[in-house]
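Visitor: Take a look at the following structure, please.
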Amino acid sequence: RICPRILMECSSDSDCLAECICLENGFCG
């Protein structure tokens, strides 16, 4: 999957860019 390496806080996958998912630590990855 394509995920830009940008540190973004998230509460769900929809908060993240491209194909990033919301990880357990509260950030996209």
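Start at 1 and count along the chain as shown; that gives each residue its number.
Cβ atoms are placed via backbone N, Cα and C, with glycine included.
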Visitor: If you have Swiss-Prot open, could you say which of Cys20, Cys22, Cys28 makes the disulfide with Cys3?
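Guide: Disulfide pairing in Swiss-Prot: Cys3 with Cys20.
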Visitor: Could you check which of the disulfide-bonded residues Cys3, Cys16, Cys28 is the closest Cα neighbour of Cys22 (disulfide bond)?
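Guide: Nearest candidate: Cys28.
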Visitor: Look up Cys22 (disulfide bond) in the DSSP assignment and report helix, strand or coil.
Guide: strand
Visitor: In three-state terms from DSSP, label Cys28 (disulfide bond) for me.
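Guide: The residue in question, Cys28 (disulfide bond), is strand (DSSP, three-state).
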Visitor: Comparing the disulfide-bonded residues Cys3, Cys10, Cys22, Cys28, which residue's C-beta has the most other C-beta atoms within 10 angstroms in this structure?
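Guide: Highest number of other Cβ atoms within 10 Å: Cys28.
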